[in-house]
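J.: Could you have a look at this structure, given as structure tokens, before my questions?
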Amino acid sequence: MSQEAVIAASGAYPKPAQTFQYGTAGFRMKAELLPSVVFRVGLLAALRSRYKGGQVIGVMITASHNPPADNGVKLIDPLGEMLESSWEAYGTALANAESDQAVYDYYTQLEQKFNIDKDVVPQVIYGSDTRESSPALVQALKDALDAVGVKSQGFGAVTTPQLHYVVRCLNTQGKDDAYGEPTLEGYYQKISTAFNQLMANKSNGSVTVDCANGVGGPKLRELQKYLNGSIDITITNDDTETFSKLNSESGADYVKTGQRLPPSVSAQPLARYASLDGDADRIVYYYVDKDSVFHLLDGDKIATLAASFIGDLIHQSGITDFSIGVVQTAYANGSSTAYIEKLGLPTVCTPTGVKHLHHAALAYDCGVYFEANGHGTVLFSPTALKRIFAHEPKNPAQDTALTHLKNITELINQTVGDALSDLLLVEVILAHKEWTPDLWDACYTDLPNRLEKAEVADRNIYKTTDAERKLTHPVGLQEQIDALVGKYDQARSFVRPSGTENVVRVYAEAATKSEADELAQKVKALLN
Ligand code: NG1
Ligand code: ZN
């Protein structure tokens, strides 16, 4: 790597007059602001790989559920986790360096700070979602990787969880904790083999999947080729050619936030529907009842379904002293938390952002974590996996349960929330329980709730504590919120600054829809 080469390459991607911040979802904004950021993230990925002794780091270019004009970029750490938080600040500093020379200087400062071995060859893999702006951003990334001598490989359009999967496979290849074949084919093979075994001699009718016109559409179509036909998957909203359709009037965020059907879906009573987001790391289910009333089965409902099913399998396998915990955020519906407690399982609340949930889930033998918006997965600790795979069943019933349990650990993408893997997980559980969506829904009744966003002059003045459930600043505001909450039945409300948009979010739930709406509006009015 020569100073001239880095400075010349950086010169092709001038920094706009803008301050950048590596947030919950990496960098995310209007795509035209991103070329310099992506270039510099490429440099950071190279450093991170060398710091990790040449392990493979992933770079995903996506803006998930955001509108088509946006894009974003984030790093994936060696085991497929989100970038370690202490490194986010280095990304922020690199993105904000004011000149090409300053970029180079900061890069070499980091090399010195971490005493990085210059002989280690960095390795980076990358992919993107289906946005119009993605190819140009991929080019900016490649230019950075080439400038600093990275051994790199592009995976084209992939779902975010697929790239997480491949990163983990590459770094564990040939080791005890090998995760799978480091290819998309390997990904489809791994989850479909588990699914097909779990669904042997079962069938589960049909499910219609709205793919938000994003990368999930073609990838689900591919996955479908590997499935044994035990469910009939109808794919809708899978137009990735018309860029303007991405996440438009479709997708998990549209359905969850508006608590409504995508207009393109004409729902049949009691049939199953699911929506993915633009990069297929979120999923929500829904159905309409006999009176055509819409019912959402969100991340909380998926978490409770998965936790209770896995808990039953553990019990039926004869495995004892095994801890299962459910990790949620403040956005989890109060009824879901009460239901999990009723199941006798511990719940934990963490700040928003999957890295927090993921971390908390590691405390259990099996940690189930989901954001209410449908982003989540299930983690089995290395010790738990060893115990499950070494367990000797004592009778045929234990044997069957244990076989299912082993397949469940293979079906789930344990690196990160994965809409395709979660879709198959839900389908398996519903088939095993012989549940229609209304029976699943009947586990508990969601408290009516409302999510609002408020444009404010400066969202940084809003500071929170208690897993974002309370404000410490502006001083006095929390007391005003509490006073309002106190006027409603079964009510809860909180305010927090978004980590991905320049807004403050307001959440309210209460015994009735009108009370939840009114409380949200009143709390929102306090912000002006
Ligand atoms: P912010 O913008 O910080 O609320 C949103 C979601 C998170 C998470 C991130 C990352 C809500 C209320 N917030 O975060 O849950 O998914 O985006 O994509 O859904
Ligand atoms: Zn997403």
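For all residues, glycine too, the Cβ spot is worked out from N, Cα and C.
A TrEMBL annotation is a machine prediction, not a hand-curated record.
TrEMBL feature annotations, pasted as is:
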ACT_SITE  Ser64  active site, phosphoserine intermediate
BINDING   Ser64, Asp277, Asp279, Asp281  Mg(2+) binding site
BINDING   Glu371, Ala372, Asn373, Arg496, Pro497, Ser498, Gly499, Thr500, Arg505  substrate binding site
DOMAIN    57-86  domain 'Alpha-D-phosphohexomutase alpha/beta/alpha'
DOMAIN    122-173  domain 'Alpha-D-phosphohexomutase alpha/beta/alpha'
DOMAIN    186-284  domain 'Phosphoacetylglucosamine mutase AMG1'
DOMAIN    298-435  domain 'Phosphoacetylglucosamine mutase AMG1'
DOMAIN    474-524  domain 'Alpha-D-phosphohexomutase C-terminal'
J.: Average the pLDDT scores across the domain 'Phosphoacetylglucosamine mutase AMG1' (186-284) and report the rounded value.
T.: 97
J.: Taking the Cβ of Ser64 (active site, phosphoserine intermediate) as centre, how many other Cβ atoms lie within 10 Å?
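T.: By my count, 28.
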J.: Other than Ser64, Asp277, Asp279, Asp281, which residues of the same chain sit close to Mg(2+)? List them in sequence order, counting a residue when its Cβ is within 8 Å of the Cβ centroid of the site.
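T.: For the Mg(2+) site, the extra neighbours are Thr62, His65, Asp129, Thr159, Thr160, Gly214, Ala252, Leu276, Gly278, Ala280, Arg282, His375, Ala419.
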J.: How far is it from Glu371 (substrate binding site) to Asp281 (Mg(2+) binding site), counting Cα to Cα, in Å?
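T.: Taking the Cα atoms only, Glu371 (substrate binding site) lies 11 Å from Asp281 (Mg(2+) binding site).
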J.: Other than its close neighbours in sequence, what residues sit by the domain 'Alpha-D-phosphohexomutase alpha/beta/alpha' (57-86), given a CB gap under 8 Å and a spacing of at least six beyond its ends?
T.: 22, 25-31, 34, 37-38, 41-42, 44-45, 48-49, 122-129, 131-134, 137-138, 141, 160, 163-168, 171-172, 179, 212, 243-248, 251-253, 277-279, 281-282, 354-355, 358, 415-416, 500
J.: For Asp281 (Mg(2+) binding site), which of the listed recorded positions (Ser64, Pro497, Arg505) have their CA atom within 10 A of its CA?
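T.: Those near Asp281 (Mg(2+) binding site) - Cα within 10 Å - are Ser64, in sequence order.
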J.: Could you round the CA separation between Gly499 (substrate binding site) and the residue listed as 'active site, phosphoserine intermediate' to a whole angstrom and send it over?
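T.: Here the two Cα atoms are 14 Å apart.
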J.: Kindly assign Arg505 (substrate binding site) to one of the three DSSP-derived states: helix, strand or coil.
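T.: DSSP call for Arg505 (substrate binding site): strand.
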J.: Listed recorded positions are Ser64, Pro497, Arg505; which of them have CA atoms within 10 A of the CA of Asp277 (Mg(2+) binding site)?
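T.: Qualifying among Ser64, Pro497, Arg505: Ser64.
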J.: Using the alpha carbons only, what distance in Å do you get between Asp279 (Mg(2+) binding site) and Asn373 (substrate binding site) once rounded?
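T.: Here the two Cα atoms lie 14 Å apart.
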J.: Which of Asp277, Asp279, Asp281, Glu371 has the fewest nearby Cβ atoms, counting only those within 10 Å, among these binding-site residues?
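T.: Output over binding-site residues Asp277, Asp279, Asp281, Glu371: least Cβ neighbours within 10 Å is Glu371.
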J.: Whole-number Å only: compute the distance from the Cα of Ser64 (active site, phosphoserine intermediate) to the Cα of Pro497 (substrate binding site).
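T.: For Ser64 (active site, phosphoserine intermediate) versus Pro497 (substrate binding site), the Cα atoms are 19 Å apart.
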J.: Return the members of Asp279, Glu371, Asn373, Gly499 (the binding-site residues) with CB less than 6 angstroms from at least one atom of ligand 1, or none.
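T.: List returned for ligand 1: Glu371, Asn373, Gly499.
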